[in-house]
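Below: one structure, written as structure tokens.
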């Protein structure tokens, strides 16, 4: 017989259903942490399975590698699957990523974000028409990609950026710019000049004011602000 005392945590979750006339509101759920996994995503899944099947959110890998479960937890953009439940608190507040159109509950519309990602042409460019060999890199060139390729496109950084809040129709944002630099610095890519010329724009790149929210919030501990600064440096070297 389990006589362990309940350890109740309140989860206050943003709710909005476009199919109903209700305004957005907060629903509060009680969860016994003794029968719940350690991560916020565990609590959300438990709530959906046991209390409210209408609660809607994205999730997939549960390992911090897909970026699906990005949301704002206690004021910080992060991934719910790798965000530990703070057992020192009595409640946690969960909202969708800020300044985004919401599809339902904790699900933001990422259509514009993905369109911006597509615009930087995130694939290797080569001037050779026929390839019959691999593109080799030195160890040093390969190491230049560290801190870049790990980005999971969760949009936590971009949606934490005030410049992106106000100019998301023109400013590419820290996530997409970090991805752009990932290809600019890749020694195997042959489209560097073309990429830099595309980014040399007062809005696409230069809306970054080095606020550093992006670097602070990144759940993968990457540094988008540094990548953006290096893009600017590379542009100054164009002749």
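Yeah, the Cβs are placed from backbone N, Cα and C, and that goes for glycine too.
In the three-state DSSP classification, residue 66 ([2Fe-2S] cluster binding site) falls within coil. Feature annotation from Swiss-Prot assigns [2Fe-2S] cluster binding site to 61, 66, 69, 81; the stated evidence is similarity to another entry.
Other C-beta atoms found within 10 angstroms of the C-beta of residue 151 ([4Fe-4S] cluster binding site) number 20, with every protein chain shown included. DSSP assigns residue 151 ([4Fe-4S] cluster binding site) to coil, not to a helix or a strand. If you look up Swiss-Prot, you'll see 151, 154, 157, 218 marked as [4Fe-4S] cluster binding site, on the strength of similarity to another entry.
Feature annotation from Swiss-Prot assigns [3Fe-4S] cluster binding site to 161, 208, 214; the stated evidence is similarity to another entry. A coil conformation is recorded for residue 161 ([3Fe-4S] cluster binding site) in the three-state DSSP classification, outside any helix or strand. Taking Cβ-Cβ distances under 8 Å and a sequence gap of 6 or more within the same chain, the neighbours of residue 161 ([3Fe-4S] cluster binding site) are 173, 174, 211, 213, 214.
Neighbour density for residue 166 (ubiquinone binding site): within 10 A of its CB lie 12 other CB atoms from the protein chains shown. Under the heading ubiquinone binding site, Swiss-Prot lists 166.
Residues or ranges marked as domain '2Fe-2S ferredoxin-type' in Swiss-Prot: 11-100. Restricting the average to the domain '2Fe-2S ferredoxin-type' (11-100) gives a pLDDT of 98.
What Swiss-Prot lists as domain '4Fe-4S ferredoxin-type' is 141-171, and the listing cites sequence analysis. Long-range contacts of the domain '4Fe-4S ferredoxin-type' (141-171) within the same chain, counting only residues at least 6 positions beyond its ends with a Cβ under 8 Å from a Cβ of the stretch, are 64-68, 70, 77-79, 97-100, 108, 110, 112-113, 117, 178-179, 181-182, 185-187, 203-204, 207-209, 211, 213-220, 222-224, 227.
In sequence order, 154 are the binding-site residues from 154, 166, 218 with a C-alpha within 10 Å of the C-alpha of residue 69 ([2Fe-2S] cluster binding site). Same-chain residues with CB within 8 A of the center of the 151, 154, 157, 218 CB atoms, the [4Fe-4S] cluster site residues themselves not counted, are 67, 152, 153, 155, 156, 158, 174, 175, 178, 214, 217, 219, 220, 222, 224. Rounded to a whole value, the Cα-Cα separation of residue 208 ([3Fe-4S] cluster binding site) and residue 154 ([4Fe-4S] cluster binding site) is 19 Å. Close to residue 157 ([4Fe-4S] cluster binding site) in the fold, though at least 6 residues off in sequence, lie 77, 173, 174, 175, 178, 213, 214, 215, 217, 218, 222, 224, each with a CB less than 8 Å from its CB. The most densely surrounded of the binding-site residues 69, 81, 154, 214, judged by C-beta neighbours within 10 angstroms, is 214.
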